[in-house]
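S.K.: Pasting in a structure now, in structure tokens, and then I'll have a few things to ask.
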Amino acid sequence: MHEAQIRVAIAGAGGRMGRQLIQAAMAMEGVQLGAALEREGSSLLGSDAGELAGVGKSGVIVQSSLEAVKDDFDVFIDFTRPEGTLTHLAFCRQHGKGMVIGTTGFDDAGKQAIREASQEIAIVFAANFSVGVNVMLKLLEKAAKVMGDYSDIEIIEAHHRHKVDAPSGTALAMGEAIAGALDKNLKDCAVYSREGYTGERVPGTIGFATVRAGDIVGEHTAMFADIGERVEITHKASSRMTFANGALRSALWLKTKKNGLFDMRDVLGLDVL
């Protein structure tokens, strides 16, 4: 990797998250914006990435070819869609580039491809790059160990109208954190929809509810409900910049890593809590 600064390439440069990542990369000390990518045929190709993100000229031109910019970055940051991310993953694996992956909605085969690639390159793969969300995941583990065996657990998440996967990756990570603390597999205890005559709630399950509306950046609540009381642990994001800063922080953290699969809790050192 480049010794002076970590050079990053950003996928989906013209999207909501891509623009935030460009802004964060241009503002963060120790980070250099090396490349910005968009899909082939995009009207944004040839634009200056900084101007596209509204922060002034950067000198980095939006391109569609990873091959053309392979010498301009050390870490590839991807918050796009699974099919595109897996294509980028194969390229980064071939060329020894680190990756920060914030894409959600992978199937089991996609997740396995990421695990296999991490044997050769360093990857931070997280459902959410917010510091607050990752602190929340740790709190959920602790709450589950105390209340999980006797309370009803429900996870409610809300996002903007354009989000294409449900439940959100963060909601699933919350469920996995809770299930893991209870020595369960989320696949065996998750309930993702309720409609019509459902009968009484099955003890030991983890329910999910999804809201898609307006421009909600992201809201997540885990409820531990018993008779007479309930505990709710909530995180609300008001700006995507919190995710962008977390992703750039992860890229900096990867500078000393040659290979391995990590998540945001590794970056933040939350295992000590």
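Each residue, glycine too, has its Cβ placed from N, Cα and C.
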S.K.: Given that Swiss-Prot annotates G12, A13, G14, G15, R16, M17, G102, T103, T104, A126, A127, N128, F129 as NAD(+)-binding, name the residue from E38, E40, E154 that shares the site.
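M.R.: Answer per Swiss-Prot: E38.
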S.K.: When DSSP states are folded down to helix, strand and coil, where does K163 (active site, proton donor) land?
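M.R.: Going by the DSSP assignment, K163 (active site, proton donor) belongs to neither helix nor strand, so it counts as coil.
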S.K.: Considering the recorded positions R39, H159, H160, K163, which residue's Cβ sits among the greatest number of other Cβ atoms within 10 Å?
M.R.: H159
